[in-house]
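Shown next, in C-alpha cells, is the structure this report addresses.
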Amino acid sequence: MFAAKGSLRKALHKRHTAHESKAQHKNQTDDDSKPTTTKHKDKTLLSFVRREGKLIRKTFGEICGAETVLQDATQPKSGQLKARSRLQSESQNAVYALFMKAHKCYDLIPTSSKLVVFDTELPIKKAFFALIYNGVRAAPLWNSKKQEFVGMLTVTDFIQILYNDCKSDGIKELEEQKIEKWREIFEANGNLQSMVTVEPSESLYRAVQLLCDLKIHRLPIMESGASNNIWYILTHKRIIKFLYIYLVDLPRPSYMDKTPKDLGIGTWGNIFTITKSTSVIDALRLFLERRVSALPLIDKNGKVIDIYAKFDVINLAAEKAYNDLDITVYEALQHRSEWFEGVRSCLETDSLMVVIEILVKTEIHRLIVVDSEQRAIGIISLSDILRFLIIEPPAAEDSGKNIGPKGLFLKRNHLETGKSDSPLTKGMECDE
C-alpha cells in the first residue's frame, strides 16, 4: 500500500507556516539588546536560529559572549573573563544539541516521498518480499479493524521469525501465517511494545532522544488528531545527513578533531566476528542475543574480508533460501545484491569529523575500525555518533583532553550461548 505525500505535505506546510509566523512575530517584539543570563541561554540561541535560518560563528560567539552569568560588580575582571570563556566553550560543545532543538521534525520531511504501509492481515512472506521490492528496511503496520497504526515491521522481525521457526521446525509458518498472528504471539509473551511516534512540530532533539533512549532506528513522524497520517519515517542516516549539511555554518567544537576512540564513541575491544564456516543460524542468534547489527567476516589470519549485516538476512527471502539455515554465512552472502561495494572501514587514528564524512558520503550505517593489518578493532555506528553529538556532548573541560574510551568492550565468542531479551520482540531494532 502506497501513499503519495505531495498534497498532504502542502496542507501540513500551510498549518506549519501559520504557526511559525505567529512565533516569529512574537520573537521580533522582544528586546534583542537585553543581556541574557545562562538560564535563558538555549532560548536565545534557538530564537536566533529560527529567525535567521542558520547559525554563523560570529553570531554564535556574540550570543555566548553576552551571556554573563556573573554580573556581580564586586567580582574581579579576570574571574568574569574566565567565566565567560568557560560558558562559550560549554555552549560550543553543545552546539549540535542546540541546533537540533532549533529545528523540527517537519524540516526533514521531503517535498515528495513514498511510504510503504502493510496491513496486519498480509502474509508474512509477502510483506518481506514487498520490503525487498521497494528497497526499504521497515514499514508501518495498519490494523484495518482498529483503523490505526499499531507498529512497525522490520528486518529484525524477519530474523526473529526465521530463528523461532528454525528452532521449532516450523519454517512453513513463514509462508502461511499473517503478520497479525505473529504480533499476537509476541503480545502473549509480553514482548509487544506500542508504536512510538513523533509529531511534525516536535524538535529533532526530541526525535534523537527517542531513537537513542529506546534503541530504535526508525521513528514515524505522525500527525495527531483525526487524520492520524504518517508523513515520513525518521532514521539516524537522515538526521545525521541533515546535520552534516549545516556543519560548515556551525561553530566547530575541538572534539571534532579527536578520534572516536579517545572520545569513547563506538564499540571497542575484541568485537564479535564470524568466519567463512559460521552458519546462518548461528549468525542470527548473535544478532538477537548480543544485540549487534553487523558481524565482520574474517579470514584465518583475522583480516576483515566482508561483513554480514542484518539487512543481508532479508536476501534469504528474496532467493527463497530460508529453508536451510545451516548454510554458511559466506554462501548466503552470494545472494547479496550487485550494488554492494565492499566493506567500508576507517583507521583508529581518523578523527570524528573524518568518520562522519565517510558515513554520510557512503550512506552506510556503520564503519569497521581496522588496524594496519586490516583486523577489526572496533565498530562505529550512526547511533553512537548521534548519541555523543546530541545527547551526551562532553563538558568544556573534557572536550580536548582525557575523555578516554567509554565505548562497549565485548569479548569475542562466536558461538557462546546465553539468554538475553531480544530487541525485536520488544518492537525495537539494533543498529541497521
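The backbone N, Cα and C atoms fix where each Cβ goes, and this holds for glycine too.
Quick look at what TrEMBL annotates:
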| type | residues | note |
| --- | --- | --- |
| COMPBIAS | 7-17 | compositional bias 'Basic residues' |
| COMPBIAS | 18-34 | compositional bias 'Basic and acidic residues' |
| DOMAIN | 110-173 | domain 'CBS' |
| DOMAIN | 191-250 | domain 'CBS' |
| DOMAIN | 265-325 | domain 'CBS' |
| DOMAIN | 336-397 | domain 'CBS' |
| REGION | 1-43 | region 'Disordered' |
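Here the domain 'CBS' (191-250) is broken down by DSSP into helix, strand and coil counts: 23 helix, 11 strand, 26 coil. Helix, strand and coil counts from DSSP across the domain 'CBS' (110-173) read 25 helix, 19 strand, 20 coil. The DSSP breakdown of the domain 'CBS' (265-325), given as helix, strand and coil counts, is 18 helix, 17 strand, 26 coil. Residue counts of the domain 'CBS' (336-397) by helix, strand and coil are 23 helix, 15 strand, 24 coil (DSSP-based).
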